[in-house]
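K.L.:
Below, the features straight out of TrEMBL:
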- 1-30: region 'Disordered' (REGION)
- 1-11: compositional bias 'Basic and acidic residues' (COMPBIAS)
- 311-404: domain 'Transglutaminase-like' (DOMAIN)
- CYS319: active site (ACT_SITE)
- HIS378: active site (ACT_SITE)
- ASP401: active site (ACT_SITE)
- ASN441, ASP443, GLU490, GLU495: Ca(2+) binding site (BINDING)
Amino acid sequence: MSETTDIEKKPPLNGRRALPSNYSNDEENEVPEMEAFGVIPRGFNPRDFLRVENIDMFKEPHEINKQQHHTDRYYNPKLIVRRGQSFQIQIDFNRPYKPETDRIWLEYLIGRYPQQNKGTYIPILIRDVLKPGEWGAKITHKENNSIRLSIMSSATCIIGKFRLYVAVLTPFGILRTHRNSATDTYILFNPWCQQDAVYLDDEKEREEYVLNDVGIVFHGDINDIKLRSWSYGQFEESILDACLFLMDKAELELSGRGNPIKICRVASAVINSRDDNGVIAGSWDNTYAHGVPPSAWTGSVDILLEYYSSKQPVRYGQCWVFAGVFNTFLRCLGIPARLITNYSSAHDNNANLQLDFFLDDEGKVDTKITKDSVWNYHCWNEAWMTRPDLPVGFGGWQVVDGTPQETSDGMYRCGPASVQAIKHGHVCFQFDAPFIYAEVNGDIVYLRKEKNGTQVIENIDTKHIGQLIVTKEVGRDGMMEITEEYKFQEGSEEERLALETAVMYGVKKQTTQDTSYQPQTDVDMDFQVQKAVLGSDFKVTITFRNKSRNPYNVTAYLSGNIVFYTGVAKNEFKKHSFSAKLEPYSSSAVDVVIKSSEYMGHLLDQASFHFFVTAQIKETGKILAKQKATVLEIPALRIKTQGATVAGKEMSVIVEFTNPLKQNLENVTLRLEGPGVLRTIKKEFRQIPMNSTLTWEVKCIPNRPGLRKLIASLNCDALRHVYGELNVQIQKP
């Protein structure tokens with residue numbers, strides 16, 4: 001960028017600020033190689049003084065620095081270290097170094113306007129001892145013209161890419177090494193360092209939450225949990241630079257980049273494209289023109305690299321895509337992070353603990369006036385850090401959410417909010433805790449509008465929201481339930497206290513006492529949806545249990561809707577009214593068959609249905625209401641390998657898929673990726689006829705030994721969310 005355009009772009013300096021804001025890690029200032037103390041005498045020759053000939057950063061993956069700092073997996077030629085921990089460099093001079101007379105020091109600079117008090121200019125003097133967690137350097141070895149230095153960085157240091165200069169004092173001025181990008185040093189968060197705000201004391205958890213570059217997304221719904229792998233790829237080429245660029249894009253002052261709370265807050269806004277042209281544009285309407293459908297992505301790398309090069313939002317994402325990319329960003333910078341799924345998540349809830357579903361005269365949900373929705377599932381992230389801005393006890397896992405839902409302080413962002421504070425109802429603590437509390441704790445209230453405008457409560461479901469909160473197990477691919485980290489046992493005394501605390505701190509809860517609500521207690525109604533494969537018929541079984549000695553007659557209505565996973569209905573594809581006679585103290589069941597011809601033409605990309613059953617008891621006029629989501633089984637891709645799987649040698653990966661539908665699949669896109677094995681490859685197929693099998697062979701050369709994962713996805717208009725995966729052991733050559 002030329003000097004002139006830069007000046008035009010920057011606001012003019014004002015009377016309050018000596019220097020413009022410093023929020024670009026990329027921009028640099030000119031550093032003089034000779035800084036004279038006054039008039040330089042004639043005959044002064046810099047070559048007469050101690051001169052730096054070479055600096056060795058020990059930056060190869062197998063060398064000491066990257067090994068000790070757990071950064072050997074970054075596909076990046078420069079030195080990458082973690083803060084608060086010492087690293088080694090070697091300086092070669094033109095003659096032996098004499099500590100009695102020679103004065104040298106190191107300078108680390110970041111950004112365009114380095115200042116010592118902002119932590120963007122760091123002079124490091126050579127000392128006899130290093131203090132843990134404070135900047136310093138000491139000589140550990142001297143031989144011929146070389147010295148070996150051990151350098152300690154501060155445990156609160158800014159995260160980013162620093163430039164290194166070596167300065168030598170002469171009687172007439174300071175001589176510096178010239179600008180050399182080969183000595184640039186990336187400094188990251190350090191979960192291995194006790195003084196770091198992101199310190200995590202369990203080695204297995206650090207392996208999982210910082211160093212694992214693949215993870216699992218749990219989706220589907222509460223009655224049919226599905227899982228798929230996601231490639232985070234935080235160590236892949238250019239991803240570290242792309243993640244640092246996100247902080248520049250969010251205009252986070254460099255001086256604030258040592259603070260994980262600030263970084264998470266700005267990142268939760270910049271991950272989505274709403275109001276700041278951030279990384280991913282969301283789309284929930286099943287039309288994905290000029291972009292990639294959210295279900296087709298297999299990982300974060302393509303998305304981050306596309307954004308880093310184009311600087312334009314990447315289309316399209318839904319919650320797991322935002323959460324997957326956010327997880328890559330956090331792990332890449334060294335903040336322990338995990339992806340969370342909340343089943344039956346209350347949405348658009350303006351932090352109100354009540355989701356109102358309005359029923360019409362027939363007992364059907366009136367979609368025109370029902371504004372609230374329950375998402376089958378919603379994904380967010382947790383990041384691990386201390387919270388010195390909150391009272392003691394609220395550090396640890398913090399919720400951050402990059403999916404744009406509600407604005408927070410005027411922008412689409414959410415968190416960090418302490419999980420512990422959410423559990424205990426202390427939602428007064430920043431940021432956005434009331435919203436998250438309501439996502440996991442709402443009640444569903446079924447209301448009927450009378451002709452005179454009054455609202456009558458027909459039914460309250462206190463258990464539907466936030467039924468199950470899960471994440472991937474540490475060190476394994478299974479599911480770990482963490483519901484009790486967010487809430488106490490349903491109906492317990494502690495839960496009631498947490499709720500009262502949350503209400504006291506401003507979560508809105510309408511009381512049901514002021515409206516006449518007498519639940520029907522002597523009849524229970526429930527229904528089950530049969531598990532079904534996409535394209536087949538299945539049945540819904542409604543069961544009534546009469547616990548009283550009175551016989552009852554019920555008229556009931558089943559409504560089947562195709563829904564987005566966000567719980568928003570697209571259309572009603574099944575209407576079925578029926579009646580039943582309930583004998584005293586007995587149960588009766590009614591089956592309703594759903595034919596594939598009724599739903600196949602309307603399906604959305606998550607093959608998701610939502611059933612409402614409402615029943616009215618003739619004798620008492622009371623209404624029973626129940627809703628459930630269900631997801632169809634979608635066929636999987638099969639992946640296998642052929643030949644030896646050895647790092648540096650060519651191998652074959654074969655992807656197979658059999659079309660199970662009673663129709664041909666048109667314009668099919670396959671994607672395949674595997675961190676350390678192959679970069680994402682895409683292939684288009686014009687058509688897969690019904691019942692036929694497609695086979696795709698890819699040749700690749702894996703570059704990293706160890707247990708790796710291959711992930712594939714298939715996508716076309718008639719069929720989305722088709723995945724396959726395979727664990728592959730890559731041998732050492």
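Each Cβ is built from the backbone N, Cα and C atoms, and glycine gets one as well.
In TrEMBL, annotation is done automatically, which means it is predicted and not curated.
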K.L.:
Consider the recorded positions CYS319, ASN441, GLU490 and say which one has the Cα lying nearest the Cα of ASP401 (active site).
P.N.:
CYS319
K.L.:
Hey, of the recorded positions listed (ASP401, ASP443, GLU490, GLU495), which one tops the CB count within 10 A?
P.N.:
ASP401
K.L.:
Mind checking how the domain 'Transglutaminase-like' (311-404) divides into helix, strand and coil residues in DSSP?
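P.N.:
Counts, helix then strand then coil: 15 helix, 41 strand, 38 coil.
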K.L.:
Which are the residues of the chain, ASN441, ASP443, GLU490, GLU495 excluded, whose CB is within 8 A of where the CB atoms of the Ca(2+) site average out, their centroid?
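P.N.:
Checked against the 8 Å cutoff, the neighbours are THR462, LYS463, ILE465, GLY466, LYS487, GLY491, LEU499.
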K.L.:
Tell me the Cβ contacts of ASN441 (Ca(2+) binding site) under 8 Å, same chain only and six or more apart in sequence, or just say none.
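P.N.:
Looking at Cβ-Cβ distances below 8 Å from ASN441 (Ca(2+) binding site), excluding near sequence neighbours, one finds ALA346, LEU353, ILE465, GLY466, LYS487, LEU499, ALA502.
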K.L.:
Measuring CA to CA, name the entry from the recorded positions CYS319, ASP443, GLU490, GLU495 that ends up nearest HIS378 (active site).
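P.N.:
Spatially nearest to HIS378 (active site) by Cα position is CYS319.
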K.L.:
Which chain-mates of CYS319 (active site) that are at least 6 residues away have a CB under 8 A from its CB, listed by sequence?
P.N.:
TRP375, TYR377, HIS378, CYS379, TRP380, THR403
